[in-house]
Structures are given as C-alpha cells and as structure tokens.
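According to Swiss-Prot, the feature transmembrane segment maps to 7-27, 44-64, 77-97, 109-129, 153-173, 180-200, 226-246, 263-283, 302-322, 338-358.
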Amino acid sequence: MFYSLTIISILEVLLVLVPSLLAVAYVTVAERKTMASMQRRLGPNAVGYLGLLQAFADALKLLLKEYVALTQANMTLFFLGPVITLIFSLLGYAVIPYGPSLVIQDVNLGILYMLAVSSLATYGILLAGWSANSKYAFLGSLRSAAQLISYELVLSSAILLVIMLTGSFNLGVNTESQRAVLFVLPLLPIFIIFFIGSIAETNRAPFDLAEAESELVSGFMTEHAAVVFVFFFLAEYGSIVLMCILTSILFLGGYLFINLKDVFNILDFVYSNLFIFEINWMVSERSYTEDFFNNYKSILEGWLYGWIIGLKSSIMIFIFILGRASFPRIRYDQLMGFCWTVLLPIIFALIILVPCILESFYILPWNLNLF
C-alpha cells in the first residue's frame, strides 16, 4: 500500500513537472520567433519543423560544453546557488490548481506558500553572485536581491486586495470565486500593477537590471556556464511561466471558461437518448460504451481544464515577450524609484479604497431591510 501511494505521488509530480519544463523550453522558442518577427528577421528555423526543436539543440549544446572551474571562487556555493534557485522556482507548481481537483497539494495557504517560495529563490541568486568572487556577479546579485525584495511588496499588496474579495488564501477558492465575473474587470488597476510587479519580479525587460549586458556583462550569471547556466536559465523561464499562471488564476479565472459540467450533462443527455429505440442484442454493447464514457469523462474534463489555463497563461507570456521587444531598459534608480514612489503609494491607497467600496454596498438603500 505504501509503495503504491508513493508511485502515485511520483506520477502526479511528473505529470506537472514534465509539461512545465517542456513549456519552459518552448517559451524560449516562442520568444525568439516573436522578437524575430517584430524585428523583421527569420529567427530559429533550421532545427526541426519551423525551428520547433531549437530549444533541445540549445540544451544539448550547453550540456556538452566544457566547464572551466574558477580558482578563486567558493565552488560549493557556486554550484549550490543555481540549484537552489531552480528548486524554489519549481516548488511553486505544487499548489497550482489545473482543475477543480487537479492539484498536487491543495494547501489552504497556497498564496502565502507561493510568496514564500518566490522570496527564498533570492538566496540562490545572492549565493551565486557572492561565491563567484567577481565584481560584476556580486553587483548583479545585490541589484537582483534589492529589486526582488522591493517588488515583492507590490505583489503581496496586490494579492491582498484579491484576498479581500474572496476571503481565502486558497488558489482554488480564488478561482471558483470568479464564476460570476473575472476579477480583471473590477480590479483592472490592481491587475496592471500586479503585472508590472511580475515583470520586475522575474527580471524581465525593461526591468532586467540584474543582468544588464551594457553594465554588468551578464549580472549574477557572468561566471556561470555550461550545465550550471542551464539551472539559472530554467529557473528564470520557469518563474515567468509560474507568474503568468498565477496571474491567470488570480485575475483571469484560471481554468474557468465555460461550465464544463453543463457540457458533460448535455453529453450525458444526448448519450442516454441515443438508445431509446435500441433492441435487446444491443444492451451489452451499450453497457460497455457507457462504462467507457463514464471512466474517461473525468480525463477529458481535466484535459480541457488544462488547455484553458494553458491558453490564458500563454496570452500573458506573449505580453511578457512583447514588453521585452518594445521597451528600452530603464536605469536602476528609476526602477527602484518607480516601485517606492509610484506603485507602492497607489497600491496602499487602493488597499484603503477597495474595502470602503465593498462596505458601501452593504449600506445602499436596496440593502436596507425597511419593510
């Protein structure tokens, strides 16, 4: 019994982890193809059909590269930093609801778990930059730590407003609360602020000051190459995919698009009425078909839910890519000033304003029990 439960748990993790890593691989291809199209270039088109296998060719190239060990670096922490960053980047997928019951671990404090995991990834960046014994890497890690800590305040404050509407830290409850209306409509300013904070939290352009090529060569990743660089690469794009999924859950309804239960009820009705005029020799065939339909209905439902949340997340990823191709990199002082003097005052004002608006609905005339 113990071994069967262990195998099932491992399969559940692999069912989430493998598609997530494949999504990370194809996000890189989509980014290069999109930027090439905007800049009137061809982009990757030689490896596989339309360049779809370019990510695997790049991964093979990095894995086969020779790594030159640094004599002045703390090699234990130097290797440990990228691994820590990748682990905490992947741990966030454990609480993502891909359907009403399609989640590895349904945690009541799932939102707090996501914020904690994203915060701990900063330690890996700091360790990697400090242990390299390089000025460029160390400055890049300090920039990244200050940027991540600053914009985590923006993200957590924006999420707080969503929690005020739902009354729960559970991501599944937040998704189900949007069956009537998506939160992106009443909370549009908060959605915009959260999206800007997500770009800064994932070190993407125009907020990629931690790895500014013109100033810091490659930031905290300057001395990392070959296999070690792959960990940082997967962690960065894994965080992008995770933040886009979180955005789609909090504001775009996650896996909600149409009520799939109503669709399957209609299919059940159609199926049951197809056999009104059946004859006796078809009874056994019908029972077999009915069992097959009932068993695989849940699989089809989960597959559809996964496609819905994947489509919404892909739209957010595409907006990330458009931001990188459209906007120039800002200065570091502008980045920090924008957080502390613009975004935080606005979000704090909204934290006061939104509860007042919600409370005002309870004292409107049509809510007063006068008769």
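Cβ from N, Cα, C; glycine included.
At the 8 Å Cβ cutoff, the transmembrane segment (226-246) and the transmembrane segment (7-27) share at least 3 close pairs (sequence separation 6 or more) and count as touching. Below 8 angstroms of C-beta separation, residues 16-17, 20, 70, 103-107, 110, 113-114, 117-118, 120-121, 123-132, 171-172, 175, 223-224, 228-229, 231-232, 234-236, 238-239, 242, 245-246, 249, 254-255 of the same chain, each at least six residues beyond the ends of the transmembrane segment (77-97), sit close to that stretch. Across 7-27, 109-129, 338-358, the stretch most heavily in contact with the transmembrane segment (153-173), judged by Cβ pairs under 8 Å, is 338-358. Long-range Cβ contacts of the transmembrane segment (7-27) within its own chain (Cβ-Cβ under 8 Å, at least 6 residues beyond either end) map to 52, 55-56, 59, 90, 93-94, 96, 98, 104, 234, 237-238, 240-241, 310, 317.
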